[in-house]
Amino acid sequence: MGKLIMSIDQRLQLIMRNTAEVITIDELRKKLESDEKLKGYIGFEPSGLFHIGWLIWTQKVKDLVEAGINMTLLRAAWHAWINDKLGGDMNLIKMAADYAVEVIKNYGVDVGKLNIVDADDIVKEKDYWALVIKVAKNASLARIKRALTIMGRRAEEAEIDASKLIYPAMQVSDIFYLDLDIALGGTDQRKAHMLARDVAEKMGKKKIVSIHTPLLVGLQGGQRMNITEGMEEDDIQAEIKMSKSKPESAIFVNDSREDVERKIMGAYCPKGVAENNPILQILKYIIFPRYNFVKIERDIKYGGDVEFKDYEELERTYIEGKIHPMDLKKTTARKLNEILEPIRKSLEKKPEFEEMIQKISKSVTR
């Protein structure tokens, strides 16, 4: 039986599902209506262990491939090195890139349909560095410094070393060099994508559509320990998001079933509260996209099992106080472990990754 052909509206709906924003929807529709083979990408820093927050953009890569977008996965080792990841150990950074691709494959993305590119190959090209300089010439120093939040750093941290100032221009140059129609990233990449759109007009380059996925809040949820008045939204998101540098705030794809259960059961999940609730976010962005429905299993004296066909219905019921946090957590742990099991099994079969995981665990930087 042949593969079903999706309409423009169906492709648009799939691409936009569970996104925080698309800049702009009209431009995306026009690109889809052009009937051209569209090129998209996501660049990722191989910077440590793969936590479940990354599964949000991994699912979106899967959606984009299904929607007929020719997706490139950029293994941004040089960017990770500039950003002082894994102690600047380039060999370890490259091992982390291999590990990430293995995770993406075992999550269910058809990596055979991805164009996997190493930053190593791009930076060897003299045309690339000429592009970096041209991008920098078309952006103010203040604009570049404001874009440092794409690295998980604040603008005032630009004084650490001068290489950090090259990073935003490199990311914009990646987009131009790969001749892309679509750039995918978390909401923390918004400033780089907006810079690319603005500079494109000045340089006569193709203006990308930028697709931003939400950042998964850490397991501490809305308990904002380091939030101060006057902080930009980017900095606030950086403080509360799930992060490799805060291991107890994160669930890693190679965590054991027991560790996943322990972390979920200890997570922030106040009764009837949806805002910054990590358990509800895991259900919305990771579990529901993989299943047609979710069953909350309960003892008959507490109302018995209840099924939900969409996230909105579940959230509404939770806010009304009709689902106990403990029942929600048990279901989340069970379904999340189902998703992570094939990833864990694959990693266990490759001893080189076990050694690398041990090294990375000792070397994780911000």
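Each residue, glycine too, has its Cβ placed from N, Cα and C.
Because the structure is a prediction, the values reported are computed rather than measured.
Feature annotation from Swiss-Prot assigns L-tyrosine binding site to Tyr41, Tyr167, Gln171, Asp174, Gln189. Residues or ranges marked as ATP binding site in Swiss-Prot (evidence: sequence analysis): Lys244. Annotation comment: Swiss-Prot describes 241-245 as motif ''KMSKS' region'.
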Over the span of the motif ''KMSKS' region' (241-245), how high is the average pLDDT in this prediction?
75
In the chain carrying Asp174 (L-tyrosine binding site), residues 6 or more apart in sequence that have Cβ under 8 angstroms from it:
Tyr41, Gly43, Leu74, Ala76, Ala119, Ile122
On the DSSP side of things, how many residues of the motif ''KMSKS' region' (241-245) fall into helix, strand and coil, could you say?
0 helix, 1 strand, 4 coil
What whole-number value in Å do you get for the largest C-alpha pair distance within Tyr41, Tyr167, Gln171, Asp174, Gln189, the residues recorded as binding L-tyrosine?
17
Out of Tyr167, Gln171, Gln189, the binding-site residues in the record, which is closest to Lys244 (ATP binding site) when you go by Cα distance?
Gln189
Where Tyr41 (L-tyrosine binding site) sits in the secondary structure, as DSSP reduces it to three classes:
strand
Neighbour count, 10 Å Cβ-Cβ cut-off, for Gln171 (L-tyrosine binding site): what number do you get?
26
Counting Cβ atoms within 10 Å across all protein chains shown, which of the binding-site residues Tyr41, Tyr167 comes out on top?
Tyr41
